[in-house]
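Student: According to Swiss-Prot:
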DISULFID  97-189  disulfide bond
CARBOHYD  5  N-linked glycosylation site
TOPO_DOM  1-25  topological domain 'Extracellular'
TOPO_DOM  47-54  topological domain 'Cytoplasmic'
TOPO_DOM  76-99  topological domain 'Extracellular'
TOPO_DOM  121-139  topological domain 'Cytoplasmic'
TOPO_DOM  161-196  topological domain 'Extracellular'
TOPO_DOM  218-237  topological domain 'Cytoplasmic'
TOPO_DOM  259-271  topological domain 'Extracellular'
TOPO_DOM  293-331  topological domain 'Cytoplasmic'
TRANSMEM  26-46  transmembrane segment
TRANSMEM  55-75  transmembrane segment
TRANSMEM  100-120  transmembrane segment
TRANSMEM  140-160  transmembrane segment
TRANSMEM  197-217  transmembrane segment
TRANSMEM  238-258  transmembrane segment
TRANSMEM  272-292  transmembrane segment
């Protein structure tokens, strides 16, 4: 476009979920309830872990760090989406869009590394139980969590710097409900091959290497479990890892479907539904997956909030049932 007057885009318009006006208020209510559920669940986990000395162990330290991440994660996306549903205010400034993209990308990258750290914790617990407290110390846990956040936010800063240097002109309509990389680059009117290459390389590093580390940990865990002679021992070992493995499977399945496929840059409506899975639904399901069948945590929650054991299980089960009913409705 050299030699031509180029009007740079100063604001973007988020298409969101085009529906009838009446349905916008219903979607606002559904996502508001989901957002509140995420806040309540994850805050309850953080408060329970930090107030119960019986939970001052590496597994629960990682869990509380994950809960902190989930609160930040959903708070980056949902408030702007709720504003669009309620006030029909779908504009977002260029700086606001880049900021939202930066935090979203940072939190996704951080979660990848944090899940790999949690897989290592499970590996040591299953394969080296007698040396667990020697190998997985509080200092190591702090270093792993710190490395997860530092690496995630540093890599994302590089990615967003390259993306923000691209010129955007002409159409400013983002066919999405938040600022994601693919729909943003679709609006570029200058060559963005460098930004795309940098994004691909960094995404490969931060997604694939933690995934390989997680898979390697579970390969060793599987071999160790198969060597356990008793069925009861096998079941206990599997139960120790089942929650984390479920979360890893859901998280990476959604990410790989969204970004590791041909023509991912074509922003289609189906992408929005997958994005809802890992930006809104996953943060509310993760605490339930980790804690619903964890008797130790439910007992600590009972002591922390003065609830009976049956009440804790009943409220968690009711919350999961209500959430599934809400999101079984078509958007």
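Every residue, even glycine, has its Cβ placed from backbone N, Cα and C.
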Student: What residues, ordered by sequence, lie under 8 A Cβ-to-Cβ from residue 97 (disulfide bond) and sit at least six positions away in the same chain?
Tutor: 12, 174, 179, 184
Student: May I have the DSSP-based helix, strand and coil counts for the residues of the topological domain 'Extracellular' (76-99)?
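Tutor: Grouping H, G, I as helix and E, B as strand yields 18 helix, 3 strand, 3 coil.
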Student: Counting a contact as 3 or more Cβ pairs under 8 Å, with residues at least 6 apart in sequence, do the transmembrane segment (26-46) and the transmembrane segment (272-292) touch?
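Tutor: These two stretches do touch.
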Student: Any chance the transmembrane segment (272-292) and the transmembrane segment (55-75) are in contact, meaning at least three CB pairs closer than 8 A with a sequence separation of 6+?
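Tutor: Yes, since the transmembrane segment (272-292) and the transmembrane segment (55-75) share at least 3 Cβ pairs closer than 8 Å, they count as touching.
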